[in-house]
Amino acid sequence: MIDFKAIIAKVATGATLTRDEAASAFDGMMSGDATPSQMGALLMGLRVRGETVDEITGAVSTMRAKMLTVDAPADAVDIVGTGGDGSGSVNVSTCASFIVAGCGVPVAKHGNRALSSKSGAADVLNALGVRIDITPEHVGRCVTEAGIGFMFAPTHHPAMKNVGPTRVELATRTIFNLLGPLSNPAGVKRQMIGVFSRQWVQPLAQVLKNLGSESIWVVHGSDGLDEITLSGPTAVAELKNGEIRTFEVTPDEAGLPRAHAEALRGGDAEANAVALRSVLEGMPSPYRDVALLNAAAALVVAGKAKDLKEGVALGAKSIDSGAAEGRLRRLIAVTAAG
């Protein structure tokens with residue numbers, strides 16, 4: 001059993017934990033062996049000092065070891081954001097996921113209910129008629145039969161129940177806000193991850209490299225969006241062929257018009273579901289444009305498109321042919337089938 005007193009004492013001095021120490025500490029928390037005071041002390045100690053790549057890598061390895069997994073194709077992708085950007089935007093990554101699935105790329109999407117906004121991925125999918133309370137086996141069937149499946153985080157990470165109350169009491173961001181997107185239950189090796197702060201763009205790409213990912217974009221919009229934004233440049237860290245490089249992208253290079261973040265303001269789950277359906281039904285809007293931009297990046301990650309401009313063209317075809325909307329209808333049917 002981990003010596004929590006020693007771990008907390010180490011963190012209190014400003015020292016960093018090794019990958020193995022972090023893995024053991026998080027195993028203790030998620031197994032229920034740590035007291036709420038110990039968990040709170042460790043989480044805030046890490047937050048105040050700043051979590052390291054090794055600490056995040058160790059924590060993610062523990063979270064992955066304890067999750068309930070899903071069988072998905074090796075070429076499956078995930079488009080996910082950390083949330084916590086405070087934007088209250090429409091559900092960009094969820095909409096983009098259907099566009100990507102409509103291009104023939106299997107999607108294993110991981111997500112949760114809203115934390116900082118009115119509508120998270122789980123909320124809007126539920127409002128669209130997709131059942132989210134399904135087993136891991138059922139999710140795998142969705143990916144196979146519908147081309148897209150949604151993994152509701154609480155179902156796949158039952159050990160999180162031991163840290164949930166402490167997180168609620170702390171009521172501030174902790175390392176756990178970063179761990180969810182890095183702990184996809186389908187074990188995808190290809191992801192586009194949006195983060196709430198630019199400081200995490202390069203480090204999270206390094207964490208995923210440490211954990212064996214193959215093709216990754218970690219992104220943060222200049223307006224604070226945890227997606228690729230329409231309002232200006234977006235910072236990107238790309239993992240490809242074992243190397244990480246950082247750069248910026250803009251909507252201009254994808255052939256899309258710019259739009260202010262206010263144009264992407266969302267509402268509750270029902271309102272966001274109506275907006276998402278309108279995109280999949282072909283209605284032009286800034287929401288369509290931002291969903292296409294993020295889908296394009298995911299298609300680059302998947303190896304389906306050579307650049308954002310080609311990805312946008314493929315995504316537009318997915319929408320306008322009805323393929324993307326067809327994936328939504330199929331997902332609703334497969335989840336309802338039990």
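Note that Cβ sites are derived from N, Cα and C of the backbone, with glycine treated the same way.
Swiss-Prot annotations:
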- G81, 84-85, S89, 91-94, 109-117, A121: 5-phospho-alpha-D-ribose 1-diphosphate binding site (BINDING)
- G81, N112: anthranilate 1 binding site (BINDING)
- S93, E227: Mg(2+) 1 binding site (BINDING)
- R167: anthranilate 2 binding site (BINDING)
- D226, E227: Mg(2+) 2 binding site (BINDING)
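Within the group of binding-site residues (H110, R113, R167), the Cβ with the highest number of other Cβ atoms inside 10 Å belongs to H110. Long-range Cβ proximity for S93 (5-phospho-alpha-D-ribose 1-diphosphate binding site), meaning a same-chain Cβ under 8 A and a gap of 6 or more residues, is found for I79, V80, G81, K109, G111, A121, M192, G194, E227, N294. For the binding-site residues S89, N112, the largest tally of other C-beta atoms within 10 A is found at S89. A sphere of 10 angstroms centred on the C-beta of E227 (Mg(2+) 1 binding site) encloses 29 other C-beta atoms. Counting every protein chain shown, 28 other Cβ atoms lie within 10 Å of the Cβ of G81 (5-phospho-alpha-D-ribose 1-diphosphate binding site). Counting only the Cα atoms, the space from S89 (5-phospho-alpha-D-ribose 1-diphosphate binding site) to D226 (Mg(2+) 2 binding site) is about 10 angstrom. There are 27 other Cβ atoms within 10 Å of the Cβ belonging to D226 (Mg(2+) 2 binding site).
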